[in-house]
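Visitor: Got these off TrEMBL a minute ago, pasting:
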- B:31, B:77, B:223: Mg(2+) 3 binding site (BINDING)
- B:31, B:77: Mg(2+) 4 binding site (BINDING)
- B:48, B:77: Mg(2+) 2 binding site (BINDING)
- B:48, B:125: Mg(2+) 1 binding site (BINDING)
- B:55, B:276, B:333: substrate binding site (BINDING)
- B:107, B:124, B:125, B:151, B:225: ATP binding site (BINDING)
- B:226: Mg(2+) 5 binding site (BINDING)
- B:29-143: domain 'PurM-like N-terminal' (DOMAIN)
- B:155-313: domain 'PurM-like C-terminal' (DOMAIN)
């Protein structure tokens, strides 16, 4: 790391100084971080990148949003294993066009996510980039030994559920693209503000994941980063099962449906292929589905049963209310291509 | 991750399939990886990025070298804590100009390092990049509880040591730049081949780090990624001490000195400011320095005593044989700027 970059990273991550405790032995400032893991836990590790022009534009995300969302997408992966996020490491590749102050705002968003989800930044790397800004975040969490929830555990007879609502992040992005085409970036009718928030400031479902990790009869679990269709396909392939979901059971918020009608788009398409909702989709033994729904209701967490797992080669079907059925494509899509 | 990218990563990391065991509970293919840590160990975590045009050029590194070196720089950080590397996660941001086959060669180099150092790739992210190729590698290792070696533990009276030789990687890069200017990339007099290898295929000093972790009287430890001067400054600042090293004690290989003379450069400059040698520099109680030197000799590992730690505000001095002394700058330098 060149020296000017080193002084940047000290400035951006100064908030992580003197942070030992809670199992952290060595934080930022040595060759590597060191932490302990209690003997009844296992470590969960994932990483997820965000690249300017590929995952976001200056016109669609505030700098703080970029940092915040880069953490949410990773925390969501920890939640999808039924785990608790603990530590993060950040690699930032900074092009000349991004000022140190703008990068500092990215870290502001990261530290916001840190406060909300109990995460600490313990290391990283800061390098120059020739063109676009790149963020690569590593998230380290923990889960009870042998108790991580996997994609591969769905069984015929399971019910399929999803937390929260889906399709909202894609609606928000659709709006931001429209605004970008027609007017000043970031200005839109405040009525649609909640949609924009769903795109820029998603939540990770750590509480729901913990509830599922402790519940009985849970099968597979995945987070909705690439759209329901793609996530269901991953479960179908990893578990070797067929999945059937009912179109009219998909939890799509009223405002999303209203916005879709206004702009002549299909809200169900956003739910299936939009992605970035960071909800959890999974399966539970059919006989335990109602008990699970009640557990979620008692915690004030949103929960919907949307379909079922069947024996058969990996497939995902969408059932219409008239009983007709269509096979869903595997693909999420890349919004910025 | 878009679907085409997902199929790439399956292809590149197919060698990691079915790899459970040795504490790995969940490898590539779920939202996150899961591994266990034995109760007498702590986790070491670090990450290090390599960016095309900033850290390497197509003309100075084969694709396999890029992958190999991206792992070595991280394994070196684990070695500098006295630890053992275990698991890696790779984020690759691929521009259109890099073919899937070229990227696969990057992974070839990574897997080569995996075999040599006992590391397994357990996850990552694959995204598109608009311009330059970016690699961000996270390395996870382990060390005996409470026994990590830190930068901050140097004390007055300690001797300063370095493993192996330094300055060679910078000599190799100097040669590659000359070749790039004057002729076909990658063609040079085979006599200098060892220098090029030092730049393209450095080693990480895991065995030396383990020896130091188990030895008595060890103070601070750092790896030489940015040049001796910069690394010594980090120890001086973290430990609150002054450091004095003797110019004529710096272990510089004969071939490096010979090449420096041939091209009219200063080999000592390369040792102090070149970096990327991935040797270990550290301190040991003065009374135990000779015992440590003998331990290294018995293991067939190269080891040099180069100076001493003194009380005083953080400073680094270079002593000439005539007794004169100059204060060293803190900076490593960025070769590709």
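Using N, Cα and C of the backbone, Cβ positions are placed for all residues, glycine too.
Source: prediction; values computed, not measured.
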Visitor: Taking residue B:223 (Mg(2+) 3 binding site) as the reference, which of B:48, B:55, B:276 (the binding-site residues) have a CA within 10 A of its CA?
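Guide: Hits: B:276.
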Visitor: What does DSSP assign residue B:151 (ATP binding site), in three states?
Guide: helix
Visitor: Determine the Cβ neighbour count for residue B:276 (substrate binding site): the number of other Cβ atoms within 10 Å of its Cβ.
Guide: 24
Visitor: Mind sorting out which of the binding-site residues B:31, B:55, B:107, B:125, B:276 are close to chain A, meaning Cβ under 8 Å from one of its Cβ atoms?
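Guide: Answer, by Cβ distance to chain A: B:31, B:55, B:125.
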Visitor: Can you break down the domain 'PurM-like N-terminal' (B:29-143) into helix, strand and coil residue counts using DSSP?
Guide: 35 helix, 47 strand, 33 coil
Visitor: What are the non-local neighbours of residue B:77 (Mg(2+) 3 binding site), defined as same-chain residues 6+ apart in sequence with CB under 8 A from its CB?
Guide: B:46, B:48, B:139, B:223, B:225
Visitor: Considering every residue in the domain 'PurM-like C-terminal' (B:155-313), what is the mean pLDDT value?
Guide: 95
Visitor: Which ones, of the binding-site residues B:31, B:55, B:107, B:125, B:151, B:276, have a Cα no more than 10 Å from the Cα of the residue listed as 'Mg(2+) 5 binding site'?
Guide: B:276
Visitor: Tell me, by DSSP, whether residue B:276 (substrate binding site) is helix, strand or coil?
Guide: coil
Visitor: How far is it from residue B:125 (Mg(2+) 1 binding site) to residue B:31 (Mg(2+) 3 binding site), counting Cα to Cα, in Å?
Guide: 11
Visitor: Return only the integer: C-alpha distance in Å from residue B:124 (ATP binding site) to residue B:31 (Mg(2+) 3 binding site).
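Guide: It is 10 Å, counting Cα to Cα.
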Visitor: What is the nearest of the binding-site residues B:31, B:55, B:276 to residue B:151 (ATP binding site), using the Cα of each?
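Guide: Smallest Cα separation from residue B:151 (ATP binding site) among B:31, B:55, B:276: B:276.
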Visitor: Taking the Cβ of residue B:31 (Mg(2+) 3 binding site) as the centre, how many other Cβ atoms fall within a 10 Å radius?
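Guide: I count 28 other Cβ atoms within 10 Å of it.
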Visitor: Would you mind checking how many other C-beta atoms are within 10 angstroms of the C-beta on residue B:124 (ATP binding site)?
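Guide: I get 26 for this one.
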Visitor: Determine, to the nearest whole angstrom, how far the Cα atom of residue B:55 (substrate binding site) is from the Cα atom of residue B:107 (ATP binding site).
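Guide: That comes out at 17 Å between the alpha carbons.
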